[in-house]
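Reading through the structure tokens given below for one structure.
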Amino acid sequence: MSEIKRNGHGAMDMTQGSPTRLIVLFSLPLLAGNVLQQLYNMVDSVVVGNYVGSSALTAVGAGFSIMFLISSLFLGFSMGATIMIAQYVGAGDQGAVGRTVDTIYSALLVIIVPLTLLGVLASGPLLTLIRVPQEAYEQARTYCMVVLGGIIGTLGYNMNSGIMRGLGDSRTPLIFLFIACVINIVLDLVFVLVFSWGVFGVALATILAQICSWVFGIFYINRKYPFLHIRLFRMRLDRRLLGQVIRLGIPSAIQECQFAVGILIMQALINGFGNDFAAGFTAANKIDTFAFMPIESFSIAATTYVGQNMGAGRLDRVQTGTRRALVLGTLVCLAMSAVVLPLRRPLLMLFNREPGVVAAGEAYLLRALSLMFILAMMFIMNGVLRGAGATTVPMVASIISLWAARIPVAYALAYFFGPEEIYWAYPIGWALGLLICVVSYCRGRWKDKCIVGQAPQE
């Protein structure tokens, strides 16, 4: 069995060794990190749902949707930088890696003030647009104002993690996340149970935790990877690299926004059926995320694996790794569904015991979770194509699957069959997105997208 090789800083060299082992070992810290993140997200929901009320649970769910939309405007560009870093690592160009990190941090400093203002000003109209129930509106607005006012912590925290993953280091982001998790849980309990700050306390705990983790991450990266040497407020923009980040990042940003818009539109439809139905959807989403965690982990691993091997000119390893990742992701997702579905009622009752809330949550889990292996395959194909530099294809797949499938099908099902059936729209949209990605992959144009030189053909 081949040994997993790491560079002098402990990052994983994914151009050598068994693709299956590399993808699994890279995914495990990501999966552990996702578990931590979901646990502290669940603490938010459990504390709010049980100690504040179902309207507060609805408010947190709606507020998170708004925050995700605003932050996705920048996080797509961060994904572009991650792809570039992975390909430069594969090509052995350490200097370009450092310049890329300087460039994306400079871009963050330029965009953070207008992005924060946009989020704060747009949160009220967006909450009205998605039809947040009246009893939850003010709490949702409070949540948005706090988390969007401190969004620099969220973006900086995610940027640090993206840099590490591009380098081949999936363990360091786990440290960042552990710090955020511990701080968030402690502050949740203090702010809600001791100070009785409700939704405001939950939002404040989230932002303070992410800001602390972001700042710690900067010190940690500077010590472990001195060739990067991140310095806040030092503007070092490389125009050529910025252009590449934008070229790769715009499709990823659009895709992230499409995903966020899809969440908002579905949230608007769901909110129209009352507070209990909306609260049940929020609770089910928290549980559903556990099944989604390995999907996201394998997708990120595929992006880094493909990026490094494209940079190194190892097209044969790209194709082998793609097949292995698809099998791994599908099997793990099916296993997660088999574990979660039989336990759906007691899990939902952790958040709220009202019968209407539990029934609404069950409706989602039974319809969407059972077919989530389709989403696993789609996300992994997205990760493969992104790693190769073909970021436009996942964007197109996202747009078509959202507007041609999920949204119209959801509204049609709600009209003809009732609210519980709208969740069939999710797997229908996933299947269409997967089809587009598979067709594009088989056509092979992604092989010419490497930013550090054309990958050799077989």
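The backbone N, Cα and C atoms fix where each Cβ goes, glycine too.
Automatic, uncurated: that is what TrEMBL annotation is.
Features reported for this protein in TrEMBL:
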- 21-40: transmembrane segment (TRANSMEM)
- 60-86: transmembrane segment (TRANSMEM)
- 107-128: transmembrane segment (TRANSMEM)
- 140-160: transmembrane segment (TRANSMEM)
- 172-194: transmembrane segment (TRANSMEM)
- 200-221: transmembrane segment (TRANSMEM)
- 325-344: transmembrane segment (TRANSMEM)
- 364-384: transmembrane segment (TRANSMEM)
- 396-417: transmembrane segment (TRANSMEM)
- 423-442: transmembrane segment (TRANSMEM)
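Only residues 6 or more beyond the boundaries of the transmembrane segment (60-86), in the same chain, are considered here, and those with a CB under 8 A from a CB of the stretch are 44-45, 48, 96-97, 100-101, 103-104, 107-108, 111, 115, 118-119, 122-123, 126-127, 130, 132, 136, 139-141, 143-144, 147-148, 151, 154-155, 158-159, 162-163, 165-168, 199, 202-203, 241, 244-257, 259-261, 263-264, 267, 271, 278-279, 281-282, 285, 303-304, 306-308, 311, 386-387, 389, 391, 451.
Outside the transmembrane segment (396-417), and at least 6 residues removed from its termini, the chain residues within Cβ reach (under 8 Å) are 254-255, 258-259, 261-262, 265-266, 269, 378, 382, 424-426, 428-434, 436-437, 440. Residues 19-20, 23-24, 27, 287, 290-291, 294-295, 298-299, 301-302, 305, 361-362, 365-366, 369-370, 372-373, 375-377, 379-381, 383-384 of the same chain sit 6 or more residues outside the transmembrane segment (325-344) yet have a Cβ under 8 Å from a Cβ within it.
Taking Cβ pairs closer than 8 Å, the transmembrane segment (364-384) reaches residues 255, 280-281, 284-285, 287-288, 291-292, 294-296, 298-303, 306, 318, 321-322, 325-326, 329-330, 332-334, 336-337, 340-341, 344, 348, 394, 397, 420-421, 423-424, 426-427, 430-431, 433-434, 437-438, 441, 446 in its own chain, all 6 or more past its ends.
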